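Pulled from TrEMBL:
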TRANSMEM  B:26-43  transmembrane segment
TRANSMEM  B:50-73  transmembrane segment
TRANSMEM  B:79-98  transmembrane segment
TRANSMEM  B:105-123  transmembrane segment
TRANSMEM  B:180-199  transmembrane segment
TRANSMEM  B:230-251  transmembrane segment
TRANSMEM  B:263-292  transmembrane segment
TRANSMEM  B:304-326  transmembrane segment
Amino acid sequence: MLEVSNINAFYSDFHVLHDASLKVNKGELVAVVGANGHGKSTLLKAICGLTPVKSGKIRFADHDTTSRRAPHLVSQGLVYVAEDRRLFPDMTVLENLQLGAYLAQARAQEKRNLDHVFSLYPRLAERRHQLCRSLSGGEAQMVALGRGLMSNPTLLAIDEPSLGLAPNLTETMLQTVSQLNRDGLTVLLVEQSLALLKGMIDRVYTIEEGTVSETDTDNMQEVL
Amino acid sequence: MSDISKPDTSMIASVFTGKGLVRDSLVFWAVIAGLAMLGAVLGDSYVRHIFILVFIWCIVIASWDLILGYAGIFNYAQLVFFTFGAYGSAMLSIYAGFTPLLSILSAAAIGAVIGVVIAIPSLRLKGEYVALFTFAVHLALPPLIQQGKAIGMGGNTGLLGIPWLNLFGFQVSSIDKLTWYWVSLFLGALCVWLIYFIVLRGRMGLAFVAMRDADTFAQAIGVNEYKYKLLAFVVSAVFTAVAGGIYAHYTSVVTPKILGTEFFLMAMVMLAIGGMGRFPGAILGVFLVVIGNELLRSFDDYRLLLLGVVVVVTVICLPRGIAGLFERQSKQP
Amino acid sequence: MTQIFEILLSGITQGAVYCVVAVGLSLVYGASRILNFAHGSLYSLGGFLAWYLVAGGFDLPLWMAVLIILPVLALTGIGIERVIIRPLRGSDNWKINTIMVTLGLAFIIENGLQLVFGPGTRTIAPFVEGTLELGGITLSWYKVWIFAISLMLVGALEYFLGHTRYGQAVRAVSQDMQGANQVGINVNQVFSFTFALSVVLTGIAGILLAPVFLVSPLGGWAPFLKAFVIVVLGGLGSTKGAFVAAFILAVLEAFVIFYIGPSWAMPAWLVMLIVVLMVRPKGLFGVWEN
Amino acid sequence: MTQMSLTNVTMQFGPFRALTDLSFGIERGEILGVAGPNGAGKSTLMNVCTGGLQATRGSVVFNGQDITGFKRHSRCGLGIAQTFQIPTLLSSVTVGENLLAGQIFGHEVRGAAMDIPLRDILYLTQLEDQLTLPASQADLLTRKRIMLGAALATGPEIIFMDEPLGGLNAQEIVEFLQVIRHVREELGITIVMVEHKTRALAEIADRILIINFGAFVMLDTPGVVLNDDHVVEIYLGKKHDA
Amino acid sequence: ADIISLGAPIPLTGYFAADGVTMEQAITLAVDEINAKGGLLGNEVEVVTFDIGDLTPDKLAAAAANLIERGGVSALINGYGGMGPDIPAFCPYGIPYIHNDAVIGVIDLAERMGCNAIFNASDVDVNYGKSQFDMVLNTGHDFGTKRLAIVHGDFEWDINNAKSMAEAAEAVGWEVVYVQEVPYDTVEWTGIQSQIRAAEPSLIHLEALEPAVATTFLSQYKNNPAGEALLNVGYIGATPGLDDVIVQGQAEGILTFTLNAHQDNEAGNAFVERWKDAYGAEPSVSLAAAVYDMVNMWAAAVKQVGNADDHAAVANAIRDMKYDGLVGKFAFNDRNFIDNGSETQPAQLFQVQNGQRVRLVVGDTRVGDIVKPSWIQ
Ligand SMILES: Nc1ncnc2c1ncn2[C@@H]1O[C@H](COP(=O)(O)OP(=O)(O)OP(=O)(O)O)[C@@H](O)[C@H]1O
Ligand SMILES: Nc1ncnc2c1ncn2[C@@H]1O[C@H](COP(=O)(O)OP(=O)(O)OP(=O)(O)O)[C@@H](O)[C@H]1O
Ligand SMILES: [Mg+2]
Ligand SMILES: [Mg+2]
């Protein structure tokens with residue numbers, strides 16, 4: 001479903017990604033792990049059209065999307081949930097969720113998706129009229145994921161969903177992701193620590209100084 | 001045990017604790033000496049006039065750079081300080097009979113007061129609201145000066161016939177361009193040196209940079225935000241007011257026109273083209289804009305249009321100003 | 001009593017005049033946090049174009065002139081955004097840089113206008129003449145129309161920003177550009193659109209107010225500066241704020257002129273501004289924290 | 001010996017109460033962990049202690065002095081330092097100058113006798129080699145070290161850290177915990193840290209404070225707290241291994 | 001033959017550019033004619049302009065250094081060139097400088113500085129009001145009551161002008177029932193006009209050098225006039241700033257005035273024709289002929305002296321020659337300005353009728369008939 005081959009990405013003249021390649025099949029939950037600052041977020045952003053790619057190739061849903069920007073990719077179902085959440089602070093929870101369904105493709109499913117999000121997170125339903133600025137870290141993360149779901153994704157790229165979350169919430173959050181995956185959503189996930197992902201993921205990529213390598217299934221247990 | 005006023009900072013070499021100060025100052029004053037000699041050789045009094053303005057502007061722009069570029073406070077009331085300096089100095093020498101040099105110095109005190117007056121409400125505001133508020137003060141000043149007619153501010157006509165500079169008993173008329181060249185060069189250089197080499201390379205400068213880069217963190221390590229922001233306003237206003245005083249005695253006229261848009265725009269453009277918070281960017285900006293503006297003079301009524309084009313193109317091509325250009329080159333050896 | 005009422009009414013109609021100028025400025029600030037210093041020049045541009053079509057070069061009826069001018073202004077806005085605003089958006093001190101380029105643009109437009117149309121002052125005839133008697137108070141129909149139009153403009157804008165998806169997108173972009181990108185909003189397009197819209201609004205103001213303020217190359221500065229104070233008082237990014245502030249300040253002005261003297265109008269504005277900002281550092285309806 | 005104590009502290013944001021009648025004491029020289037669900041009020045609590053916020057009601061007492069209304073920099077002057085979750089530094093100057101700033105301004109508000117020699121700080125934070133590096137180019141771990149170093153340079157008696165381990169991987173966590181431990185052992189500085197990484201907290205903290213909905217839940221040794229059923233229910237989700 | 005340079009420090013950009021253009025055109029027309037007739041003392045005359053833009057003080061200092069020191073001009077001519085800052089800038093050079101700033105403060109300053117070569121080629125503000133008032137009475141209009149209301153801007157020129165009119169009115173038994181100073185950005189007049197109506201004047205004088213002040217006042221006044229009061233907008237109505245408004249028929253009925261316009265005689269009409277040939281439009285009544293005359297006056301003085309660079313002699317010649325121009329006689333008094341009057345420069349009063357300025361009174365002679373403005377039923 002997603003195929004990344006040998007991409008290179010830069011911040012001005014700082015080379016972040018070195019010939020990174022990875023592959024996600026339909027229905028999989030694939031994780032990318034690695035120390036901080038090694039380019040996990042950059043990889044996801046590059047895939048989702050939020051950061052330009054200098055060379056290499058990205059194919060999503062049988063199309064070359066290397067130079068496509070985020071709005072187009074979102075319309076194709078490739079949606080990014082940022083580690084720093086990127087909510088609209090002066091809008092309400094509801095407005096943030098509605099904006100997730102900004103594009104026509106998602107607008108059609110808006111009602112259904114909203115119900116889905118609210119059933120996942122009843123807390124958000126309670127707080128639908130609160131401004132996102134004043135949400136706590138956990139609530140904000142729920143809105144971020146919810147907004148991603150509102151875009152009606154076929155592949156959801158989630159960047160460190162557990163960042164700054166309390167242990168119990170981390171667990172719920174990851175369980176939600178796992179559940180979504182089991183319901184058929186393809187997920188590409190970035191995490192710091194694999195311990196939390198035990199038993200959920202199909203495959204793992206490790207990123208080190210911008211170089212990506214696949215950890216084969218045998219080694220996976222070890223890494224975990 | 002180290003003495004109370006100074007921690008032992010010798011372990012870390014830094015421009016904020018005097019690294020390279022002597023060397024850089026020597027270079028600076030050598031350049032000034034060069035300019036002083038150049039002034040004598042140049043000969044054309046129109047050129048000298050242009051340079052006199054450049055030197056006065058340098059003070060204004062350096063002060064503005066201090067508060068906007070270094071301290072990161074969006075203050076747009078710079079010409080308010082300038083105006084008060086000009087009026088204050090003019091009125092002191094007209095009505096109180098101060099000798100102009102003394103009244104220019106007294107303008108510094110007036111500047112300090114105005115700096116505090118504008119700082120107090122501004123410090124309650126954040127970010128761009130400071131910009132908007134201070135600019136609003138700028139806008140409201142001409143009508144206030146008009147009301148100041150009652151206290152001898154001359155209303156819309158302004159003050160005409162301000163006494164010329166008196167240097168050791170010699171009257172320096174505004175057509176004595178060479179003497180004015182040296183006087184304004186010296187005063188300008190002194191102010192610029194004080195701003196960039198003493199204030200900004202000392203504790204105050206470090207505090208400004210700290211507040212600009214990370215204000216909460218700065219407070220957490222003991223920077224008294226209120227005190228240093230107030231100081232930023234005051235120091236900036238003091239020097240700008242001195243510049244206003246020099247201007248008033250040079251042209252021997254002050255009118256509310258100095259608050260007009262063209263003057264303000266020019267100042268902004270100098271800062272933009274030079275680059276903020278990167279000495280000597282802003283100073284270069286002054287030279288470039290004033291000289292460029294003169295070069296465009298032969299285009300008469302096309303001049304301001306072309307100036308606009310130059311500004312737009314420069315900002316787009318060099319978003320960090322001329323200073324940014326040097327930075328990039330020095331990073332890529 | 002009638003007199004107080006008359007002054008109140010004059011303040012309100014004048015508020016509408018200010019409002020028309022201020023909404024465009026507020027909109028572009030609200031949507032992209034660009035303080036457009038060329039606002040006044042674009043205002044003059046609108047006025048001059050209308051004058052040229054109605055009186056200067058052709059003899060078109062005003063409505064036809066407006067129909068021609070609006071797309072021209074929209075294209076101008078798109079062009080400006082493309083050519084001089086967009087390249088700056090990535091730079092770290094873009095807020096100051098945009099102020100600078102729009103200043104440069106102001107130089108270009110106003111001196112361009114002077115070169116093309118000459119430095120003189122122009123006017124166009126108001127599209128409605130005559131007056132309306134209201135309990136002993138005479139009100140010009142023109143002012144009534146401006147009032148209605150400004151109400152309509154602000155109402156439409158408020159509805160657009162608050163209740164349409166595209167309006168939501170405009171606000172979203174102003175709050176978090178990357179976030180907006182992530183949900184599929186074409187950020188560049190939104191910026192172009194809002195800039196174009198603000199230029200159109202400004203141009204409409206220039207046309208509407210040509211009979212009031214006249215048209216001259218530098219004539220846009222005075223209304224711009226007033227609009228500026230209004231936008232600050234109303235709170236950045238709030239069209240509603242600009243609307244309310246325009247009326248507050250205009251009514252204040254009317255009473256100050258009548259009871260204290262016209263020279264005190266601007267100082268009164270400043271005092272008002274200081275008081276409001278001290279109590280509410282974000283202006284009356286400002287939304288941003290920093 | 002109690003170094004800082006909070007008595008009935010309440011923090012109100014409009015109609016919303018982020019902290020309610022919170023009372024507890026911090027012992028001199030201890031490492032106190034603070035934990036609790038998201039939105040419990042931990043960051044708010046830190047701010048109330050360090051001066052980022054002034055408590056609406058109740059009092060904060062430090063070394064016998066009521067400091068409830070003090071600003072951040074005045075508290076720094078009394079010996080209260082702090083590091084932030086997201087390390088924002090003086091990005092336009094060098095690493096060394098960041099430390100220097102801590103030293104200079106700390107000295108300004110604290111007075112001479114309190115200086116911690118820079119040599120010690122450099123040794124602890126292992127920043128010697130990076131003094132001339134522009135701070136903007138430092139990686140996350142280094143940035144955290146710099147922030148800690150600058151805070152130490154002010155010569156504090158107590159230091160509040162908001163999620164110091166956030167964003168670090170396992171290896172880095174181990175390293176940074178070592179640094180924190182050294183700060184306490186060698187400089188005798190009290191440490192209060194908010195942290196969601198409970199395993200790390202268990203390892204380093206003397207006591208752990210749990211709050212929920214802005215209210216006190218419990219304050220005890222890690223062993224007790226992390227095995228408490230109520231804490232497990234509201235916060236941990238499942239029993240801690242340790 | 002050599003070239004004689006004539007300096008023109010004038011505003012070509014900024015708010016005053018409209019008048020600056022008229023100044024430049026007038027100077028150029030005069031100089032072209034001089035050159036066409038063989039030049040001055042056999043030398044070609046060349047005009048050097050310097051843009052003084054928004055008239056900030058340093059611009060005038062720059063003009064001085066540029067035109068006098070660098071350009072070596074023999075004299076400086078402009079209209080109202082600097083409104084004050086021009087005096088300290090130009091005076092120290094002792095070069096002939098002919099202007100019409102027309103503010104008494106400028107005359108005082110020039111005297112104080114001992115500037116013998118500076119000439120204000122018109123009358124000054126403190127007399128403007130009186131001449132206007134005299135002329136308005138001379139129209140033969142039946143005012144009914146003798147009540148005067150004055151609204152004026154906040155420049156010294158406006159203030160002095162208004163004071164002068166008030167004094168003149170009171171001297172002949174009128175009552176000044178209302179005086180108001182307004183800033184130049186005033187555009188909403190409801191409060192002020194309501195006060196004016198309450199004062200029941202029969203003549204309203206509005207003096208402010210900004211077109212929008214006059215037009216907004218007028219358009220709002222027409223809707224709710226103060227009885228049968230006439231409206232005089234003073235000098236601004238004579239400037240190009242109001243041309244478009246007048247042509248479009250939005251200023252019908254107002255009175256306006258200038259001190260030194262070309263006259264409706266053979267020479268004046270010939271001048272109008274030459275101007276039209278050169279620039280394709282009518283010359284403005286406010287500055288065109290006056291500035292044109294200044295150039296020719298200077299040229300005549302140079303001819304008389306025989307040397308363009310003997311500044312003192314040229315200045316003396318200007319002072320003594322009582323040059324006879326299109327706008328009248330340039331008979332300078334001992335303060336280097338000109339007292340207006342039928343014998344010297346006759347002031348002129350116009351009324352806007354059918355989109356044109358029509359002369360009503362020239363000096364003390366009535367030359368046209370006043371028409372009742374539409375707002376008087
Ligand atoms: N906007 C940017 N400009 C310049 N450099 C950047 C930018 N964003 C990230 N970097 C640098 O690129 C490198 C990779 O960053 P990235 O955010 O992709 O890492 P990461 O693996 O996601 O780290 P983390 O675990 O902290 O989220 C880092 O060294 C970072 O400093
Ligand atoms: N300025 C404010 N205005 C209104 N509510 C606020 C404000 N600051 C914080 N809050 C609210 O107070 C509560 C406590 O916030 P706080 O940031 O202290 O939580 P926390 O315990 O640090 O959570 P996390 O672990 O997610 O960081 C939250 O519900 C938050 O929404
Ligand atoms: Mg990341
Ligand atoms: Mg927190």
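Heads up, the Cβ atoms here are built off N, Cα and C, so glycines get one too.
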- Would you confirm whether the transmembrane segment (B:50-73) and the transmembrane segment (B:230-251) meet the contact rule of 3 or more C-beta pairs below 8 angstroms, pairs 6 or more apart in sequence? yes
- Message: Quick test of the contact rule: Cβ under 8 Å, at least six residues beyond the ends. What residues does that give for the transmembrane segment (B:304-326)?
- Response: 262, 269, 271-276, 278-282, 284-285, 288, 292-293, 296
- Message: Please report, as numbers and ranges, the same-chain residues at least 6 past the borders of the transmembrane segment (B:263-292) whose CB is under 8 Å from any CB of it.
- Response: 50, 53-54, 57-58, 60-62, 64-65, 68-70, 78-79, 138, 192, 196, 200, 212, 257, 307, 310-311, 314-315, 318, 320-324, 327
- Item | Top partner of the transmembrane segment (B:26-43) among B:79-98, B:105-123, B:180-199, B:230-251 - counted as Cβ pairs under 8 Å | B:180-199
- Item | Residue numbers, six or more beyond the limits of the transmembrane segment (B:105-123), whose CB comes under 8 Å of its CB atoms | 73, 75, 77, 80-81, 84-86, 88-89, 92, 98, 130, 133-134, 137, 226, 229-230, 233-242, 244-245
